[in-house]
């Protein structure tokens, strides 16, 4: 079977709360239009024909997910997530069956464009390690003095990228790297960092900068603008 026809399973870690949003409702359950942020994020994945299944890792005490139409979607599976993102991703990988390649996507990143997703998925034809959507840094970057709100120095932005999601890897490779990194006490901030820890160098696939993660209150209005405009 050609690599371009291989089915892909997506894992969405959605067990976090997101305290920076300053709401009692977890950010993934805030609404934009008639859908929650989580629903926008998941439907963007399922819109691609290669993504045949999505595993969502939620908090064991989550009572909101069952109320969503998404809970009855035939291509959606739900598992209990963990205390940390990496634990939730591992739980999702264990439920991914025999999928050779997996996407991992933030629950609160609802503005994914199909062109970006298609270019990321094409890595299964050319790469053995996969890669991530990312955006080149365009702003001037400053390093702060340790523990102070004062500039230590300007950071050279050449070759700096903002890591986005989805991130796309062979399932077994990601599982092994995440497991090893956690067992050895490494700091894992995203899935690519687990592969980096194990000596791999995932590819950077340039994506649109409007593929934002809803993290702070002002992000909600921006995401709504991006989702409702026609481009």
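A Cβ is built for glycine as well, from the same backbone N, Cα and C atoms used for every other residue.
Feature annotation from Swiss-Prot assigns site 'Transition state stabilizer' to 20 (among others).
Marked as site 'Transition state stabilizer' by Swiss-Prot: 27 (among others).
Under a cutoff of 8 A between CB atoms, and with a sequence separation of 6+ in the same chain, the neighbours of residue 157 (site 'Positions MEP for the nucleophilic attack') are 137, 138, 139, 140, 141. According to DSSP, residue 157 (site 'Positions MEP for the nucleophilic attack') is assigned to coil rather than to any helix or strand. The annotation site 'Positions MEP for the nucleophilic attack' is assigned in Swiss-Prot to 157 (among others).
The DSSP secondary structure for residue 213 (site 'Positions MEP for the nucleophilic attack') is coil. Within 10 Å of the Cβ of residue 213 (site 'Positions MEP for the nucleophilic attack') there are 19 other Cβ atoms, across all protein chains. Marked as site 'Positions MEP for the nucleophilic attack' by Swiss-Prot: 213 (among others).
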Surrounding CB atoms that lie within 10 Å of the CB of residue 27 (site 'Transition state stabilizer'), all protein chains: 26
Coarse DSSP state, helix versus strand versus coil, of residue 27 (site 'Transition state stabilizer'): helix
